[in-house]
Amino acid sequence: MSLVIPEKFQHILRVLNTNIDGRRKIAFAITAIKGVGRRYAHVVLRKADIDLTKRAGELTEDEVERVITIMQNPRQYKIPDWFLNRQKDVKDGKYSQVLANGLDNKLREDLERLKKIRAHRGLRHFWGLRVRGQHTKTTGRRGRTVGVSKKK
């Protein structure tokens with residue numbers, strides 16, 4: 001970062017209920033938002049026509065609004081379906097990019113649905129066990145250790 005800080009520099013930006021560090025480069029700063037990774041951030045910034053080397057605090061209000069609208073409506077800006085993190089939603093079959101609090105809500109809804117239909121994955125989540133086929137004989141134990149009593 002240069003030694004001279006611009007007049008309208010924002011050290012912390014509030015975007016989609018997330019605090020973003022204004023001193024970081026914009027491409028990496030917006031990855032602080034849940035549901036936005038480095039690749040998605042680069043694609044969004046290219047579509048918004050924003051310089052990737054710019055600091056997040058140097059953005060104007062107009063540029064921030066552009067980034068937010070592209071992140072929330074990626075299909076309108078011709079970001080391909082395979083790039084999105086919510087494909088063929090179970091309820092409505094739509095493709096979307098779920099961000100911030102919406103991501104937590106969708107994950108919770110998915111787990112509740114799996115538990116409700118008594119799917120194997122849902123039951124494993126309910127019991128607090130490993131879900132993806134890992135062995136559980138020796139690892140993943142919780143609770144107090146049971147000692148061995150000595151013979152007399």
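Cβ coordinates come from backbone N, Cα and C, glycine included.
Annotation source Swiss-Prot lists N-acetylserine at SER2, citing experimental evidence.
In the three-state DSSP classification, LYS91 (SUMO2 cross-link) falls within coil. Within 10 Å of the C-beta atom of LYS91 (SUMO2 cross-link) sit 8 other C-beta atoms, taking all shown protein chains into account. Summarising the annotation, Swiss-Prot assigns SUMO2 cross-link to LYS91 (among others).
Among the features that Swiss-Prot reports, N6-acetyllysine is placed at LYS94 (among others).
Spatially close to LYS94 (N6-acetyllysine) yet at least six residues away along the chain are ARG86, LYS88, judged by Cβ distances under 8 angstroms. The feature SUMO2 cross-link is assigned by Swiss-Prot to LYS94 (among others), with a large-scale study or a structure entry given as support.
All chains included, 18 other C-beta atoms sit within 10 angstroms of the C-beta of LYS106 (N6-acetyllysine). A helical conformation is recorded for LYS106 (N6-acetyllysine) in the three-state DSSP classification. Annotation source Swiss-Prot lists N6-acetyllysine at LYS106 (among others), citing a large-scale study or a structure entry.
Taken from Swiss-Prot, the feature SUMO2 cross-link applies to LYS106 (among others).
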